[in-house]
Amino acid sequence: MGVALRPLLAEYKESPGWDGLGGIAAVDAFNALYQFLSGIRQADGAPLMDGQGRITSHLSGLLFRNANLIEKNITPIYVFDGKPPVFKASTLSKRREVRENAADAWEKALKEGDEESARKYAMASSKIDAFIIDSSKELLSALGIAWIQAPEEGEAQSSFMTKNGDVTYAVSQDYDSLLFGAPDLVRNITVSGKKRIRGKVLSVYPERLRLEEVLTGLSVTQEELIQIALLIGTDYNSGVPGVGPKTAVKIVREGKFYDRIGESENAAEPDQLIGYFMDPPVERSYNIESRSPDPDRVIDLLCGEHGFTQERVEAGLERLGAKKGQATLDAWF
């Protein structure tokens, strides 16, 4: 997901360590939920499920990853996507096709007894539906963790809140937040700390990117960074064939963006896409106040409705409660 800016950003990444990340984090909810749904699975790739066959991997992730964040003096605020912009339709269609193909491959691998392939394809088949969204919001409310409904893109909303000074930084695995103007982006704090790549398990550490340092280092403006992304390709356009990150920077610096962007097949005019990144629809009135968890409500939801063991849930609640009072909004202003 997101734009392929990684090669241009490597030298601007900071490794702050957990001690340097205390504050209020505007978390891209869908991004985090996909991580939970893909990563929290059984050996054969099957997600955690309750007695009614409803997926619960995301609920486990929300309880224990948030406990981890709060123990590290990070106050998470979850921002949910709203209606996608019309020019994202092609990308969403392709993602659905990828998930469907992965689901078929998962089933085939299971029949063949190939557990490693089954898990890989199962992770790629993850999807977010109305139940996942509604149950996530319900659990977050019970945990006392604020959540916000964005009118369209969650990353745009998170970026707006960061620019506004209401949160310390935006959290997402994608780099789109920089295009939306987030002055501070943090990656890898809602993941488990381990990542499997080509069969190897690697450690994952927090990364931080500051927009001002990126723009200064690349000698571009915010609008020019967006132009670079459009030349490469984003969730909203296909990019120019044969143009990679370094070539895109060269084109923009030479003032030839409009000469080359016409070579791509786009559903929207480049100025419309630039305008969307610069001034996206956002909710300007929101409440990010965190509260103490409601243990009875959490236990009723997770244990009563979804079959979690009470001992496990109480352990998560204890971790949340132990630090909750230290991670309120007042601590950061």
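FYI, residue positions are counted from 1 along the chain as it appears here.
Glycine is no exception: its Cβ is also placed from the backbone N, Cα and C atoms.
Feature annotation from Swiss-Prot assigns region 'N-domain' to 1-99. Secondary structure by DSSP for the region 'N-domain' (1-99): 51 helix, 18 strand, 30 coil.
Feature annotation from Swiss-Prot assigns Mg(2+) 1 binding site to Asp28, Asp81, Glu153, Glu155; the stated evidence is sequence analysis.
Residues or ranges marked as region 'I-domain' in Swiss-Prot: 117-256.
Cβ-based neighbour count (10 Å, all protein chains) for Asp235 (Mg(2+) 2 binding site) stands at 21. Taken from Swiss-Prot, the feature Mg(2+) 2 binding site covers Asp174, Asp176, Asp235.
The region 'Interaction with PCNA' annotation in Swiss-Prot covers 325-333, and the record cites sequence analysis as its basis.
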Return only the integer: C-alpha distance in Å from Asp28 (Mg(2+) 1 binding site) to Asp176 (Mg(2+) 2 binding site). 11
Same-chain, non-site residues whose Cβ lies within 8 A of the Asp28, Asp81, Glu153, Glu155 Cβ center for Mg(2+) 1 are Ala29, Phe30, Asn31, Val79, Ala150, Gly154, Ala156, Gln157, Ser158, Ser172, Asp176
Neighbour tally for Asp174 (Mg(2+) 2 binding site), based on other Cβ positions within 10 Å of its Cβ: 17
What is the separation, in Å, between the Cα atoms of Asp81 (Mg(2+) 1 binding site) and Asp235 (Mg(2+) 2 binding site)? 14
Of the binding-site residues listed (Asp81, Glu153, Glu155, Asp176), the greatest number of other CB atoms within 10 A surrounds the CB of Glu155
Count the residues of the region 'I-domain' (117-256) that DSSP assigns to helix (H, G, I), to strand (E, B) and to coil, and report the three numbers in that order. 64 helix, 24 strand, 52 coil
Counting every protein chain shown, other Cβ atoms within 10 Å of the Cβ of Asp28 (Mg(2+) 1 binding site) number 29
